[in-house]
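K.L.:
Handing you this structure, nothing more for now.
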Amino acid sequence: MYLINGKGSMSNSGADGVSDQFPAGLRVLVVDDDPTCLMILEKMLRTCLYQVTKCNRAEIALMLLRENKNGFDIVLSDVHMPDMDGFKLLEHIGLEMDLPVIMMSADDSKNVVMKGVTHGACDYLIKPVRIDSLKNIWQHVVRKKKNEWRDTEQSGSAEEGDRQLRASDDADYSSSANEGRQRNSKKRRDEDEDADERGDTSALKKPRVVWSVELHQQFVAAVDQIGIDKAVPKKILELMNVAGLTRENVASHLQKYRLYLRRLSGVSQHQNNSFLSQQDATFGSISSINDLQTLAAAGQLPAQSLATLQASGLGRSTAKAGVHMPLMDQRDLFSFENARLRFGEGQQQHLNSSKSINLLHGMRTNMEPKQLANLHQSTQSIANLNIRVNASTTQSNPLLTQMTQSQPKGQMLNENICLAPRLSTSFGQPNRSGICNGPLGRNGIVTNNVASAQNSSMLSFPMNQTPEMSISSFPLGSTPGISSITTKGSFQEEVTSGIKEDGGFVPSYDIFNELHHHKSHDWEITSPGLTYVASHPANPLQDNINVSPSFLVQQGFYPTQQTGLNRDPPLMSKALFSLGEGLEQGILQNADQHLNRVVHNSVRVKVERFPDESSQSNLSPEHYGQEDLLSALLKQVCPFFLPKDPILYTLYSLSIIINQICSVFLAARRR
Amino acid sequence: MEVGQMQRQWVDYTKSLVFEGFLDGQFLQLQQLQDENNPDFVVEVVSLFFEDSERLLNDLTFALDQNGGVDFKKVDAHVHQLKGSSSSIGAQRVKNCCVAFRNFCEEQNTDACLRCLQQVKQEYCLAKNKLETLFRLEQQIMAAGGSIPMIELSF
């Protein structure tokens, strides 16, 4: 056992160790039983201009730390040591000296790393440790000091507030309110003075109460007993009955605790982040087994791990006495009603729903109110079904579940459908510029021009894609994802049967319905995607329309390609299927695009027309007759001519639809 | 042999050790830590490693030789430490042996552990020989008035 004091003092570090040449001169204590590693670490740290003290026994390390309370800035410790477990050392240091501790080990298994996190280590390095990793350890020191500074400031403000109002009986309650006010103003001042503070923080350390595990548990028990809403520092203090604990300590701790709870209940993401940086690091020192600890550690970890930690933290918090339960329930209500979709990402929910609401407002300006109202209803079930479908099929996809959780309006629908796993292979992020490239790319359909036209237009993408999905379920050449769909014979049948219902758009949801057997929440969700249709510029469609008639004519001569089609009453789906088959026989990919564009555009318009034409005010998938809507449309146009031949019927209906598209857009333009 | 030649030889030898997997990037990092203040840093660390490893290997032999029942926890602890130190100096093949060794410890497979121990010992001897050769070359260069070149891992 040996012990060497570092000689690498390059900086003019005085007693505080945090000098002008910061981070040089950072006082590091490194503990490792392996002499090789110890020597290497010491050399590396010296090269980083740190002031290094090394020891190979944990007990010696503790002794050193206790002797010089302010003698070190940060501790590096190995996990596996013969005399004391590294985590135990970590706990001791956290409780007694509250220094940042970095764990090291050759062991990189996740559970060990997790242990480090839960025990409050501010970092975990895998051996062999590289010098680059060591260069940045000063950030942990700064972070911790910054939080301590804020914490002591808050305690100070609590004291002032308390002195002012000690006279009255209601002092506690009002003073905590007062503290809140003072704290806010203090916070502003703190942020301004941060840059100055950093240099002097160590010199200004006030003696502070360390909220150990037991202490915090006592605190929480007292709060639970009183009730979180009625908890006031005075009562808590009385219940806790801890010698040496002042009302101010309890008050500041209560504030932090309240903020933590509020954050749990799903306050906006932005607030969460600020909480993390400010509050959680201080919470981190509190306990190793408390769920606050996980959140505290999360403050040091990347944001994405927050979700898991929050979930675990939440999981634990629900185990506590009733205090947390109401908050959890609130979150449930907030979130998507289908509980199984909840993945504990409350922050995103609110973010998304607020965004989507804004979009919806944006949409309104383009639409006539009556149309919008009609669309609202019709689109609700559609959107909802789709979302549910996507949610159920994509639970493994974190991005999707994130989307599907919120009240899906606007963007959500867009992204849900875009991210439908059946179609998308590599589709990752919701492309807010309005282009869902994955499925589109695969189908070779270039509707990008459409999407990029307007911000609102992107919302229709989901709609575009869904019909494409149903259509593309037909063998359409090279699209890879489709084969997976078409291999399911039943699916194909469902597709066709689905489509036959009303010409393609709603049936896609019916497909999902049949697949996933969900018929709830029909009407809660709006799909502004449909609203897009009206505001959609006519040009792209006109391109399609120009192309399609001739194309349709071409396609008209492929009836022989139908295989295995039952001769049901004429259905658009059958025609489409045959068209699809025809396409498969070697039509140009270009033709594919046009046809799909035509079809999906027509389908889009079709949906829009429904509210106008159908007498029903509630459009429910279950109510759609097999050929009601399509034949209703056809009858409206020309009641006398209704071809029986499936192909001709399809072509005829297509042409009608296209006609409708034109008229709609022309009408819209005129307005 | 003149200095330049020796230096080239040294560089080639080091690179060959890296290519063959005896050493990895960590060793090169250690070499970069060496400077005028600590001209013998690498030699010191590696010597420390040799001492430590031999002690560990003896402990391992003893622990696995227990007829009454092998304490796998202890064995695992030793192997873990050997893994840590070998990875710290960049003795890659030794480290890899330790990884396999640990797996067998978890399975509590004594025979496999003994085989692994043999393997570790072999790799350790090989690494030791290679490094000692390298250091001898270094000494010669220094004695001839030259300096140890810096190696960049560019391959």
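For all residues, glycine too, the Cβ spot is worked out from N, Cα and C.
When I checked TrEMBL for this same protein, it listed these features:
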type: COMPBIAS; residues: A:160-169; note: compositional bias 'Basic and acidic residues'
type: DOMAIN; residues: A:27-142; note: domain 'Response regulatory'
type: DOMAIN; residues: A:205-262; note: domain 'HTH myb-type'
type: MOD_RES; residues: A:Asp78; note: 4-aspartylphosphate
type: REGION; residues: A:148-202; note: region 'Disordered'
type: TRANSMEM; residues: A:647-668; note: transmembrane segment
K.L.:
Once the chains shown are all counted, how many other Cβ atoms turn up within 10 Å of the Cβ of A:Asp78 (4-aspartylphosphate)?
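P.N.:
Counting Cβ neighbours of A:Asp78 (4-aspartylphosphate) within 10 Å gives 25.
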K.L.:
So, by DSSP, how many helix, strand and coil residues make up the domain 'Response regulatory' (A:27-142)?
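P.N.:
Helix, strand and coil residues of the domain 'Response regulatory' (A:27-142) number 54 helix, 24 strand, 38 coil.
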K.L.:
So how many of the residues in the domain 'HTH myb-type' (A:205-262) end up helix, strand or coil by DSSP?
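P.N.:
Going through the domain 'HTH myb-type' (A:205-262) residue by residue, I get 38 helix, 0 strand, 20 coil.
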K.L.:
Looking only at the domain 'HTH myb-type' (A:205-262), what is the mean pLDDT?
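P.N.:
That stretch averages a pLDDT of 81.
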